[in-house]
């Protein structure tokens, strides 16, 4: 980002500094809530990239997988067969994750390594092995930081498009699974994904003003990072691509003779693609070393049906349906649709962002499409429809738009109550999910509603005490 863009960002932050300070304070005070452990197989795969490259300088994950398995951390069915018996075509252990989270965690891991070495030199028995508490704590706190930065960038994006963002950002923070993957399961890639996508969108909103070579090159960097964090996030590229083509077409047909040639735009696009490919090289190398080709393991392809037969279930199923688990999403989507309609009105102050609104809607639709193409769309055992955490920036923008359009007194109050219910529904499900009060595979509406609105208010003090002072009590085998 150019110095001018950074100056603009700092100026924006100063405009509402009391609210920003409050937001930062809330985050800092919330850090003790971060769960500093890894336990799911996906978390272990993402972490294995970082630990293996840092200590072994290779992509052989045998010792990393064995470490967690021997200590009873990796308890999921089939872990031993998949990760300690099967091998890829290159003779290495499978890793279905990507390298992007390891890249983002690296500065925090370096700090953890320094802490471990200082503690060791001071006489502590902490191990300098990449697995001990300083390392795991650093990575999990890193995810929390990236989740918070995703919120900050989402607020910046919403303010740029709609004119407000802090309050919608708070609502999305507590009303969507982002909170869960920042604090309860930070070893997953989703908080990092939310950050990478938000950084990509904010860069797009800045670059689209002129589509300069430098700006598009920076956009290519964030595009590569985004796809390295989660492969599915490649579909977020559709927003800027449509915007770029549409803007170029309008310029070519416009009144300015100096902009009537496609050649400069083609050159800019080529630069963006080349920069993206170059930055993406770590993932390309990882694919070739692990799988013998550029791309994920071949076994992944058996999960895909590109006709998206599960798209409806992705949204509405009780088994991790997005809207059923996270009803706040519905308000955000309505906000984006209202924004698109408003942008078509003659003389609208938001009309200059019409390409962006279309791009954001396409980004949301393609996420439904690609998730609906996966036979494992339900993400069994995960909290909510976790594959949409990367769309946090879109949700904040959409909710900000919805709040902007609902501005009369009683409607505003009714909307506030509705949003409050959505937030408590998300918080209630997180507590039920973590404490074993619910079936982790599906929503049982009557049971979950009773737990959220009757049982939890009574048990919340004791559950909060356990979480902060006896968190291991939630880690019983039946809760894994």
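Positions of Cβ are set from backbone N, Cα and C atoms, glycine also.
Annotated transmembrane segment per TrEMBL: 20-40, 94-112, 133-155, 161-181, 188-205, 268-290, 322-341, 353-376, 388-406, 418-438, in sequence order.
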- For the transmembrane segment (188-205), which recorded stretch in the set 20-40, 94-112, 161-181, 268-290, 322-341 gives the largest number of Cβ pairs separated by under 8 Å? 94-112
- Query: Would the transmembrane segment (353-376) count as touching the transmembrane segment (322-341), i.e. at least 3 C-beta pairs under 8 angstroms with sequence separation of 6+?
  - Reply: yes
- Of the listed stretches 161-181, 268-290, 353-376, 388-406, which one has the most C-beta pairs under 8 A with the transmembrane segment (94-112)? 268-290
- Message: Please identify the stretch among 20-40, 133-155, 161-181, 353-376 with the greatest number of Cβ pairs below 8 Å relative to the transmembrane segment (388-406).
- Response: 161-181
